[in-house]
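Colleague: Have a look at this one.
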Amino acid sequence: MGDHTDLGFKAEYAKSSRASCKGCKEGITQDSLRLAIMVQSPMFDGKIPNWFHFNCFWKRARCTGVHDIYGFDSLRWDDQQKIKDKLGGGGGGASNSSGGDSVDASAFVSKDYATEYAKSGAAMCRGCEEKIAKGEVRISRKDYESQRAVMYGPVDLWHHVDCFVKKRDELAFTTEMNPEKINGWLGLKKEDKDMLLEKLGKGVAGSAKKRKADATKESGGKKKKVEETEEEKALRVQNQLIWKFRDGLQREVSNSALKILLELNKQDVPPGESKLLDAVSDCMTFGALEKCPECKEGQLSYRADGYHCTGNMTEWTKCMYKTKTPKRKAFKIPSEYHDAEILKSYKYVKRDRVFPAVTASTTEGPVSSSLDSTDGIVNFHPLEGLKFVVSGKFSKSKADISAAIVRMGGTVVTKCDGKTAAVISTKDEVEKKSKAVKEAEKADVHVVDEEFLDKVQKGGAALLITAHSIAPWGSDAEKRLAQAGVSKSVGAKSKGFSKKDEAYFTKNLPDKLKMTVKGGAAVDPDSGVAEKAHVIQDKGVIYNAVLGLVDVVRGTNSYYKIQALESDSNTQWWVFRSWGRVGTTVGSNKMERFGSRATAIANFKEVYADKTNNEWEKRDNFQKFPNKFYPLDIDYGADDEGDIKKLSTSGSRSKLPKSVQDLVCMIFDVESMKKAMLEFEIDLKKMPLGKLSKKQIQSAYGVLTEAQKLVEETGSATQILDASNRFYTLIPHDFGMKKPPMLDTAEIIKNKTEMLDNLLEIEVAYSMLKGGDEGEDPVDAHYKKLKTEIVEVERGCEEYKRLVDYVQNTHAATHNMYALEVEEIWKIKREGEFSRYKPFRELPNRKLLWHGSRVTNFGGILSQGLRIAPPEAPVTGYMFGKGVYFADMVSKSANYCRTSKQDPRGLMMLCEVALGNMYECTKAEYINKLPKGKHSCKGIGQTEPDPAGSYTTPDGVEIPMGKGKQGPARNSSLLYNEFIVYDVAQINMQYLFKMNFNFKW
């Protein structure tokens, strides 16, 4: 059974003598103190402990304080002090240890750093990633935290000397540390020792020894006794009383009697003897606990930071209630149990539990949040894993700004490079081109203002870095943060899983899962019988189920698959099950053989009921239960992705112009569709292209709408958790080993809404890819499916030149990260669109305006027209309500093409839009219905195309192709104009452009 704590370590008394120490391999005796390093199980979605003897533990673990040890507070007082002494004495703690004296820096240096001559030329420097030549001096910092180190012991991370010096802040080798204490120092030649001292400094040699000697001298040669504080005394007395009851119960009272005592006092009975003893001893010390006041039914249970509810608020989400002062009542012991002395002598005394001022905080909580920690959710670290440079004079002190970064999980460094998240500075510093600003420009890293730190507290680091940029450069922030192992969805990474750790559980995943389809379903290849068996079908029912379970609090993102299989010869039957964590190699499977078809079907139904708490026969009226799986509405039917042939002009018999053939292949490129889905962290193995259920996507839209309302109205932690759990269950995501992020900011809800928009568009294009007309050239067949006449505009003609001028003149000054190069222009005419548009031609104010979208969306756009977001979709991201948005500045729309330096080609449209009388706005205003007499909305920007440069076509359509200039609305919150229509009949597509985005950085 997995342990759902995210703390790196665990302490308890051995429940039996079965476990052996992972260090010395000897047995750990029952009831002895044992310590564990928590590791991810390779077999299921959860963590397991690697147990050690007390003394063996410190040789393998680098524990920074008691707050990192789950269960520390439940140990006997003497054992708690034993651990604190070990941490305080440098025998395993880091330099910032908690709960003991400061660590001797020399001991820390000798344990965590090493130097030597490279034994071969095979090792790679962890700084520059180049090989370290044989015989060259190298330095390492020991890694205790990576998955490999956690499972197999500390690993040396070797560096070139110069690379180590550059990264010394990151490697925590402070200027106070003495290089002479580095392990291996004595084995170096004198000239190499001098070189290290010159580059690293001499540190504060001997200061620790001197302090220790002075302390000893002052106390007359004896170690000074530390006075016990009032808090420590209260905690000690409390701990000894709890253990007095617990020892007596274990010695004198049977487990069955303990269970009855809990039931008589209306307490839930926990599993296992240890938890049983903990529950009864807590009740005897402080009183029986009342039920949770929030969910009304949950049992409160003690943890280091308070009493947590173990119940469920909804079928999707556990209750998040937590308190340090729960309501209690007298714990009653009937006279028939007075045969045990510990129960006979017991008299209830009302007491309040004492908690230490700094508790061992459990990190069992969601990744994110604007939510308060009193709701039972840990504080969010939105900058975890990110590095920042701080430069300039601010309204606050540099120390305060640095402290804010560290408090949010970030690191402050002195030098900017390509892995830096941002430089926090001022406009004055940017104008002066200070050293830090020059480094940022060279590394193409954003410079942001100090307001960024206030805004980022609720998450969305990548989006906010771009929004608060005060310099005209900066590479893709999402990609830069992703290199630091940070999810683009939220701007946070889950503790304990670096990019390298992720690879440990993902590197062996197959690029593609080939499914063998027989009848109506695909046999899982992991079953080993895909070539000789099929999924059982009986009276139209296919015995195949894909289940999902997401818990944002615990960080689980699990799947469970069940199939009843039958050999093609109808002589053998099996039930195949597989389970694990989505998008990783974590998991396992089981294959069971049965003697008949009926018994295999019966077992399939039994497993389905066990995992979902629903009978298979009632699956159409499915009811979700707490902590149980939910069926995913995914069609794994007869269409196999492998059967979809890649469109290519090579060998094509098509008579279409070559540019049109290339366009069709570009629109229907399956690899581009896959890339788009991967960008959104969609799991292509659980939800392959062409298998998405429209019903499920619409349900997911509804959940996002609900989440948006909760964010706007400051909904409770539990409500937002509930929406998050439902969303990620409906739409399987691949987060690797990271926790799924909470849907608790407008940024992430906007990101997920865009994801669903794209999934629907991709689904349209992919459905058109399935099955071409027999005998017809594939390119021609797919061209017909677009239902659009596409004709090249001749290069060099007046029409072509005018349209190119429109591109060049209206590129906005602030969109300077790329230049647009027109590669092709086509005149387009959608079937039936003109007749729909004709009545609106009578309206005044018709303009030729820009619209940009991902290439993968154009199959749907051309075949079905531009569409308005569905009613289920949340309103976030739509400044002026749900409509179709256009721009008169080309780069305003080009940004929506979502191109990159690696994938620089995009498609854009020019549409004739009948705007009529416009409702004008200078700031965001959500519009459900236009005022009477208005036909469209215009968001007025500060910059607009010069009206003097406009061209009007012979049939009265204005092309606003003048160069950008300052408009009259100087105080508008919009930089550029936006035009929105709420009836798609007001749109008539005219031109399609193939653009090359020449990225400058």
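Placement of Cβ uses the backbone N, Cα and C atoms for every residue, glycine included.
Heads up, TrEMBL stuff is auto-annotated, nobody curated it.
Straight from TrEMBL, here's the annotation block:
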{"type": "COMPBIAS", "residues": "213-227", "note": "compositional bias 'Basic and acidic residues'"}
{"type": "DOMAIN", "residues": "9-91", "note": "domain 'PARP-type'"}
{"type": "DOMAIN", "residues": "113-200", "note": "domain 'PARP-type'"}
{"type": "DOMAIN", "residues": "378-453", "note": "domain 'BRCT'"}
{"type": "DOMAIN", "residues": "532-629", "note": "domain 'WGR'"}
{"type": "DOMAIN", "residues": "653-770", "note": "domain 'PARP alpha-helical'"}
{"type": "DOMAIN", "residues": "777-1001", "note": "domain 'PARP catalytic'"}
{"type": "REGION", "residues": "208-227", "note": "region 'Disordered'"}
{"type": "REGION", "residues": "938-968", "note": "region 'Disordered'"}
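Have a look at these and tell me how they're positioned relative to everything else.
Modeller: Sorting the domain 'PARP-type' (9-91) by DSSP state (H, G, I as helix; E, B as strand; all else coil) yields 25 helix, 25 strand, 33 coil.
Per-class residue totals from DSSP over the domain 'PARP-type' (113-200), listed helix then strand then coil: 29 helix, 21 strand, 38 coil.
Per-residue confidence over the domain 'BRCT' (378-453) averages out at a pLDDT of 85.
Look at the domain 'PARP alpha-helical' (653-770): DSSP puts its residues at 77 helix, 3 strand, 38 coil.
Remark: secondary structure over the region 'Disordered' (938-968) totals 3 helix, 14 strand, 14 coil, with classes taken from DSSP.
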Colleague: Do any residues of this chain, six or more beyond the ends of the region 'Disordered' (938-968), have a C-beta under 8 angstroms from a C-beta of it, and if so which?
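Modeller: Distant Cβ neighbours of the region 'Disordered' (938-968) are 802, 805-806, 809-813, 845-849, 879-880, 888-889, 912, 915, 918-922, 974-980.
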Colleague: Counting by DSSP secondary structure, give me helix, strand and coil numbers for the domain 'BRCT' (378-453).
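Modeller: Secondary-structure composition of the domain 'BRCT' (378-453): 28 helix, 11 strand, 37 coil.
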Colleague: DSSP on the domain 'WGR' (532-629): how many residues come out helix, how many strand, how many coil?
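Modeller: Secondary-structure breakdown of the domain 'WGR' (532-629): 22 helix, 44 strand, 32 coil.
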